[in-house]
Amino acid sequence: MAEKIIMLAQQRSAAPAIPSILETPTGLLSDQLARPLHDLRISVTDRCNFRCVYCMPKAVFDNDYQYLPHTSLLSFEEITRLARNFIAHGVEKIRLTGGEPLLRKNIEKLVGMLAELKTVSGKPLDLTLTTNASLLARKAQSLKDAGLQRVTVSLDAIDNTIFQRMNDVDFAVEDVLNGIAVANQVGLGPIKINMVVKGGMNDQQILPMARHFKGTPYILRFIEYMDVGASNGWKMDEVVPSAEVVRRIHQEMPLEAIGANYTGETAARWRYVDGGGEIGVISSVTQAFCSDCSRARLSTEGKLYTCLFASSGHDLRALLREGRSDQEISTVLAHLWRARGDRYSELRTSNTDGLQRRANKVEMSYIGG
Ligand SMILES: Nc1nc2c(ncn2[C@@H]2O[C@H](COP(=O)(O)OP(=O)(O)OP(=O)(O)O)[C@@H](O)[C@H]2O)c(=O)[nH]1
Ligand SMILES: C[S@@+](CC[C@H](N)C(=O)[O-])C[C@H]1O[C@@H](n2cnc3c(N)ncnc32)[C@H](O)[C@@H]1O
Ligand code: SF4
Ligand code: SF4
């Protein structure tokens with residue numbers, strides 16, 4: 001397979017109409033929908049110590065669940081080598097995720113290795129990590145020292161009973177808040193707080209969460225519950241549209257829309273009219289943002305996925321372990337990105353029933369959220 005892709009890419013790049021990737025001045029790529037490759041999300045483990053009902057429900061992720069064996073995982077050296085190849089094609093942001101990334105042993109070492117890489121234009125990477133914060137208070141300082149720039153923390157409720165119902169392992173809100181405070185103190189900000197809103201589970205927490213974080217340095221973002229993977233039993237009627245989230249908050253704490261920080265940002269931004277800071281809404285179900293999607297995902301075992309909702313990936317680990325050169329790996333990446341036409345969420349909007357039947361969508365804990 002890899003052989004075929006390399007040959008195909010070489011044939012293509014030999015044709016006069018398509019410049020070879022080595023001739024591309026900045027190494028920047030564009031896919032079938034003219035989207036650049038800008039953001040690489042790396043899943044460093046498929047394991048987690050939470051069992052969030054919308055992500056790793058206990059009924060599926062039980063004691064018999066087969067996680068990947070350690071030998072399947074990419075080593076830190078392999079991750080860094082692939083990251084360098086992605087960066088050569090224009091990646092400027094790397095997010096470490098999972099599963100719970102802070103469960104990966106010596107994660108600080110990987111952060112240190114990635115922090116040394118520079119973008120094509122010579123700037124430092126935007127190096128960040130998404131975490132449930134269970135180990136954040138303990139690790140924040142060493143992550144900062146290793147070169148991590150910022151963190152995003154998931155928190156689905158400010159009410160302890162509701163939060164514990166969401167994480168399903170009795171983890172306390174107070175401990176997440178402590179992790180956030182320590183991360184902020186050591187300089188891992190600006191910190192974003194991600195809340196997945198699942199209708200009937202935690203939507204009554206929209207206002208309490210907004211009240212809690214208003215006027216703090218933290219940016220709260222509400223995420224529409226998505227049909228990722230095949231185990232969360234997703235139903236459209238459990239999605240609370242972002243427009244409803246904004247309506248509820250605006251009624252009590254007036255909001256106004258503000259522009260995006262950058263093209264392809266997942267969140268639409270709103271600020272409090274009274275100067276109390278900003279919130280974001282991530283409307284991947286009701287207002288899909290595929291048209292600007294510049295995100296590639298590297299799974300725990302080294303497969304490249306060009307969409308969060310893909311059912312298969314491309315085995316980059318095999319290339320590494322077969323002893324391929326950086327030039328060959330780079331050629332494969334270029335070929336795969338140029339062939340990319342994914343826009344699952346946009347298609348879902350127009351055909352929910354049909355897409356629900358897509359088989360074997362990968363789990364978010366495996367591909368990285
Ligand atoms: N459908 C879809 N959802 C996504 C995608 N990327 C992120 N999300 C959702 O948005 C959530 C927030 O993602 P983050 O990684 O915090 O967002 P981000 O926009 O990369 O964050 P910043 O770097 O801080 O701007 C994720 O947990 C997913 O639920 C995507 O490519 N497609
Ligand atoms: C998969 S987790 C991995 C990182 C870390 N364990 C955490 O929870 O922050 C990354 C993000 O994906 C989000 N997520 C997981 N399942 C989701 C779903 N079905 N719909 C929307 N967001 C989801 C989580 O809320 C979290 O913010
Ligand atoms: S959302 Fe994050 S914390 Fe929750 S189960 Fe998934 S990987 Fe774990
Ligand atoms: S559904 Fe796929 S193409 Fe659309 S924004 Fe998400 S990852 Fe990107």
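Glycine is treated like the rest: Cβ placed from N, Cα and C.
Residues or ranges marked as domain 'Radical SAM core' in TrEMBL: 32-256. Marked as GTP binding site by TrEMBL: Arg41, Arg95, Thr130, Lys192, Arg295, Ala296, Arg297. TrEMBL lists Cys48, Cys52, Cys55 with the feature [4Fe-4S] cluster 1 binding site. Per TrEMBL, the feature S-adenosyl-L-methionine binding site maps to Tyr54, Gly99, Ser154, Met226. Positions annotated as [4Fe-4S] cluster 2 binding site by TrEMBL: Cys290, Cys293, Cys307.
Taking the centre of the Cβ atoms of Cys290, Cys293, Cys307 as the [4Fe-4S] cluster 2 site, the nearby residues of that chain (Cβ within 8 Å, site residues left out) are Arg35, Ala288, Phe289, Arg295, Thr306, Leu308, Asp342, Arg343, Tyr344, Ser345, Glu346. For ligand 1, the nearby binding-site residues are Lys192, Arg295; that is, of Tyr54, Lys192, Cys290, Arg295, Ala296, Cys307, these have a C-beta under 6 Å from one of its atoms. Candidates Cys48, Cys55, Gly99, Ser154, Cys307 (binding-site residues) were compared with Arg295 (GTP binding site); those inside 10 Å Cα-Cα are Cys307. Spacing of Thr130 (GTP binding site) relative to Gly99 (S-adenosyl-L-methionine binding site) is 10 Å (Cα to Cα, whole number). The Cβ of Lys192 (GTP binding site) lies under 8 Å from the Cβ of Thr152, Val153, Tyr218, Ile219, Leu220, Arg221, Gly280, each of which sits 6+ residues away along the same chain. When Cβ atoms from all protein chains are considered, those within 10 Å of Arg95 (GTP binding site) total 22, not counting its own. There are 21 other Cβ atoms within 10 Å of the Cβ belonging to Cys307 ([4Fe-4S] cluster 2 binding site). For the binding-site residues Arg41, Arg297, the largest tally of other C-beta atoms within 10 A is found at Arg297.
Fewest Cβ neighbours within 10 Å among the binding-site residues Cys48, Cys293: that distinction goes to Cys48.
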